[in-house]
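Reading through the structure tokens given below for one structure.
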Amino acid sequence: MTHIRKTHPLFKIINQSFIDLPTPSNISAWWNFGSLLGVCLVIQTLTGLFLAMHYTSDTITAFSSVTHICRDVNYGWLIRYIHANGASMFFMCLYLHVGRGLYYGSYLYLETWNIGVILLLATMATAFMGYVLPWGQMSFWGATVITNLLSAIPYIGTDLVEWIWGGFSVDKATLTRFFAFHFILPFIITALAMTHLLFLHETGSNNPLGLSSDMDKIPFHPYYTIKDILGLLIMIATLVTLVLFSPDLLGDPDNYTPANPLSTPPHIKPEWYFLFAYAILRSIPNKLGGVVALVCSILVLMIMPLLHTAKQRSMMFRPLSQLLFRLLVANLLILTWIGGQPVEHPFIIIGQVASISYFSIILILMPLAGILENHLMKL
């Protein structure tokens, strides 16, 4: 008798996606991050739901409600810190997942890649709005600075900012709508993630060689379910260690001070996972130019398929491209460091050089390396 998982309309979909899915036999641990991101999304949605039960989105009580969660709610401190540090794990996995895609040429699956970039943008928007909710100093000033960037848009900028604020400054209306969006976006992200998987399963997974693996596929379960559980255990262990030993390691001390519109913090900066983009924004003296560079730093991923000049898909056998990829990673780490530094010499010039090299590596050097490697293959 055919197993129920192959005949039942609902189980059949799950079976084709996670159990009998034909998977390349040679995919490495770098292919683990998709499932880890799924787990992160579930963790964030559940902890967020429990936090929302006790949180109030009002400027007067928001900060107090977060304090109340940590002090009075059963394991509220644990839920809050899992949620806060879970976001860091989410972005760590996201960046490694995107890096894997760049290194192994996964961006040539156009639909999957483009939905992935939209997912990245949606996650960044969600995280930004979530950071505003505790209504600490960095929440308030971060919201003020980042939303104010939209005023650089010609003609409609000022009206657009006031429309987003719901008034003439970041206030109760802003906090309420940010809470509403922060609540709804994860469900949109879940729908996008399903679409991402749908398109991925149309083509099948890429593999480290970048070659077709149709002649050598194995079922996802038990091989990759077991393999993914190892990555999951490592991630959970890291998250639990972070939450229980140093929950505020990645946070900002300024956010333990209630929001005060009359007192600006000495250094306004976002969470660590946005620092690279923040450094690019600050490296351009012109406001509109900075905003354009900020948006392009993420949207440049959309045009990666157009910049692929090599005859080989993966970078596995392309030493020049490998070198440039490693330079790009180092460059992003430098940008992350600069984003957290004050705007003064020598950090300004380092940020400008790193920003120029970021775009140069992606837009100029990598395509040139691909062309050069094509010629080297003929020798």
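Each residue, glycine too, has its Cβ placed from N, Cα and C.
Per Swiss-Prot, transmembrane segment is recorded for 33-53 (among others). Long-range Cβ contacts of the transmembrane segment (33-53) within its own chain (Cβ-Cβ under 8 Å, at least 6 residues beyond either end) map to 69, 79-80, 82-83, 86-87, 89-90, 93-94, 96-97, 100, 130, 182-183, 186-187, 189-190, 193, 228, 231-232, 235.
The transmembrane segment annotation in Swiss-Prot covers 77-98 (among others).
In the three-state DSSP scheme, HIS83 (heme b b562 binding site) is classed as helix. If you take the C-beta of HIS83 (heme b b562 binding site) and look for same-chain residues 6 or more apart in sequence within under 8 angstroms, you find GLN44, THR47, GLY48, LEU51. Here Swiss-Prot flags HIS83, HIS182 as heme b b562 binding site.
For HIS97 (heme b b566 binding site), the same-chain residues lying six or more positions away in sequence with a CB closer than 8 A to its CB are PHE33, GLY34, LEU37. In the three-state DSSP reading, HIS97 (heme b b566 binding site) counts as helix. The feature heme b b566 binding site is assigned by Swiss-Prot to HIS97, HIS196.
The transmembrane segment annotation in Swiss-Prot covers 113-133 (among others). Counting residues 6+ beyond its ends, the transmembrane segment (113-133) has Cβ neighbours under 8 Å at 48, 55, 57, 62, 66, 87, 90-91, 94, 98, 101, 106-107, 139-140, 142-143, 146, 174-175, 178-179, 181-182, 185-186, 188-189, 192-193, 195-196, 199, 270-271, 273-274, 298-299, 301-302, 304-305 in the same chain.
The transmembrane segment annotation in Swiss-Prot covers 178-198 (among others), and the record cites similarity to another entry as its basis.
Summarising the annotation, Swiss-Prot assigns ubiquinone binding site to HIS201. Mapped onto three states, the DSSP output places HIS201 (ubiquinone binding site) in helix. Neighbour count (other Cβ atoms within 10 Å of the Cβ, all protein chains): 14 for HIS201 (ubiquinone binding site).
Look at Swiss-Prot and you will find 226-246 (among others) tagged as transmembrane segment, backed by similarity to another entry.
What Swiss-Prot records for 288-308 (among others) is transmembrane segment.
As annotated by Swiss-Prot, transmembrane segment applies to 320-340 (among others). Under 8 Å from some Cβ of the transmembrane segment (320-340) lie the Cβ atoms of residues 99, 102-103, 269-270, 272, 274-280, 282-283, 310, 347, 350-351, 354-355, 357-358, 361-362, 365-366, 369-370, 372-373, all in the same chain and six or more residues away from its ends.
For 347-367 (among others), the entry in Swiss-Prot reads transmembrane segment.
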HIS196 (heme b b566 binding site) versus HIS182 (heme b b562 binding site) - Cα distance in angstrom: 21
Any contact, the transmembrane segment (226-246) to the transmembrane segment (347-367), with at least 3 Cβ pairs under 8 A: no
Where HIS196 (heme b b566 binding site) falls in three-state DSSP terms: helix
